[in-house]
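S.K.: Relevant sequence annotations retrieved from TrEMBL are reproduced here:
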- 1-27: signal peptide (SIGNAL)
- C48, C51, C54, C194: [4Fe-4S] cluster 1 binding site (BINDING)
- C58, C174, C177, C190: [4Fe-4S] cluster 2 binding site (BINDING)
- C112, C115, C120, C155: [4Fe-4S] cluster 3 binding site (BINDING)
- C124, C145, C148, C151: [4Fe-4S] cluster 4 binding site (BINDING)
Amino acid sequence: MKKTSRRQFLKVAAAGAAILTTGKASASEMHQKVNNNTLSMLYDATKCVGCKACMAACKRVNGDYGSLSYERASFDPDGLWDAPQDLTGSTRTLIKLFKESERDWSYVKYSCMHCQKPSCVSVCPVAAMTRDPQTGIVDYNKNTCIGCRYCQVACAFNIPKFQWDRALPQIVKCDLCKNTNLRQKGITACAEVCPAGAISFGKRGDLLEEAQKRLRENPGKYLNHIYGEKEVGGANHLYLSSMQFNKLGLPVLKDEAPAEFSEKIQHTIYKGFIAPVALYGTLCWIAVKNMRKHGPEETDHHKDTDKQGGA
Ligand code: SF4
Ligand code: SF4
Ligand code: SF4
């Protein structure tokens, strides 16, 4: 009898331990350190001359693979090409100009940040968004995607775009030229063509060193901040600028990744379950023990009561 109740108690305790162990494994995965060996780009806004060669190269090189295309000017029926106003279902990267005054202005380039802890990957219910742990490339698989667009909602940088105008729409975002320029030439198309050296391509660690060197050697030229180094757990797309990044449309974000935060909540809830589950197990064990102990007397009492009732 005693043996059975102990076994039950141990089962409950083991179940609790299993929950705790599972939580710890996932949490440690999410708390992995930033990987500085991943492929990265450093965009230096102070060097950019706004020529948009990077945008054109991106569309030219990735046109077939990424379903990109030049956009016709809505006002021109004669076939002139328009410059897109925003990242779209046919535009993976965009150059914009921010102008505060005649003296204070800057170009800025938008494209996927290739976050080290990407929310788009974390929320995708069918793993259509994936992150390669070796290269750090956050990629998209159109054959797996079910079009829920959770990735769009989850991205703090508002990067993934949906092809609303197509019969078979897909999500569009930079994949670091994974299947095109990177595969053929070992460098991204936008970095390859930039005539001003505003886009550097390489390992994250090397680009961070380069960015730090530029900050050290040019005091007063740059804002003392490498955007993407720490934001949302670190990104592979890094930025240098002379202006506040939020003015350039790059949001002010915490160092902690939202994906990491949501996992923390999950695991806190799991951990919170351990005490009640263990307490419940203990109470069950005591109850079973007491029932066994007092069971025969209670049975006799009921028998007596039944007899009295029957008399
Ligand atoms: S910037 Fe957005 S789309 Fe790109 S990896 Fe990060 S969360 Fe995903
Ligand atoms: S890395 Fe390739 S896909 Fe990404 S913005 Fe540059 S050219 Fe476009
Ligand atoms: S190609 Fe270079 S200089 Fe020209 S817009 Fe792009 S980043 Fe700027």
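The count begins at 1 with the first shown residue.
Backbone N, Cα and C atoms are what each Cβ position is placed from, and that goes for glycine too.
Give me the local environment of each listed feature.
M.R.: Annotation note: C194 ([4Fe-4S] cluster 1 binding site) sits in a coil segment as assigned by DSSP.
When other Cβ atoms within 10 Å of the Cβ of C58 ([4Fe-4S] cluster 2 binding site) are tallied across all protein chains shown, the result is 26.
Secondary structure from DSSP puts C112 ([4Fe-4S] cluster 3 binding site) in coil. The Cβ of C112 ([4Fe-4S] cluster 3 binding site) has 26 other Cβ atoms within 10 Å, all protein chains considered.
Of all Cβ atoms in the protein chains displayed, 24 besides its own lie within 10 Å of the Cβ of C151 ([4Fe-4S] cluster 4 binding site).
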S.K.: So if I take the binding-site residues (C51, C112, C124, C151, C194) and measure from each Cβ to the nearest atom of ligand 3, which come out below 6 Å?
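M.R.: C51, C194, by Cβ distance under 6 Å.
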S.K.: What count of other C-beta atoms do you get within 10 angstroms of the C-beta of C177 ([4Fe-4S] cluster 2 binding site), across all chains shown?
M.R.: 28
S.K.: Below 8 Å Cβ to Cβ and six or more residues apart, same chain only. Which residues does that give for C48 ([4Fe-4S] cluster 1 binding site)?
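M.R.: Non-local contacts for C48 ([4Fe-4S] cluster 1 binding site): I95, S106, Y107, V108, K109, C194, A196, A198.
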S.K.: If you check the binding-site residues C155, C177, C194 one by one, which have a CB less than 6 Å away from any atom of ligand 2?
M.R.: C177
S.K.: Which of these binding-site residues is closest to C155 ([4Fe-4S] cluster 3 binding site) if you go by CA atoms: C51, C54, C174, C190?
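M.R.: Ranked by Cα distance from C155 ([4Fe-4S] cluster 3 binding site), first place goes to C174.
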S.K.: Out of C51, C58, C115, C174, C190, the binding-site residues in the record, which is closest to C145 ([4Fe-4S] cluster 4 binding site) when you go by Cα distance?
M.R.: C174
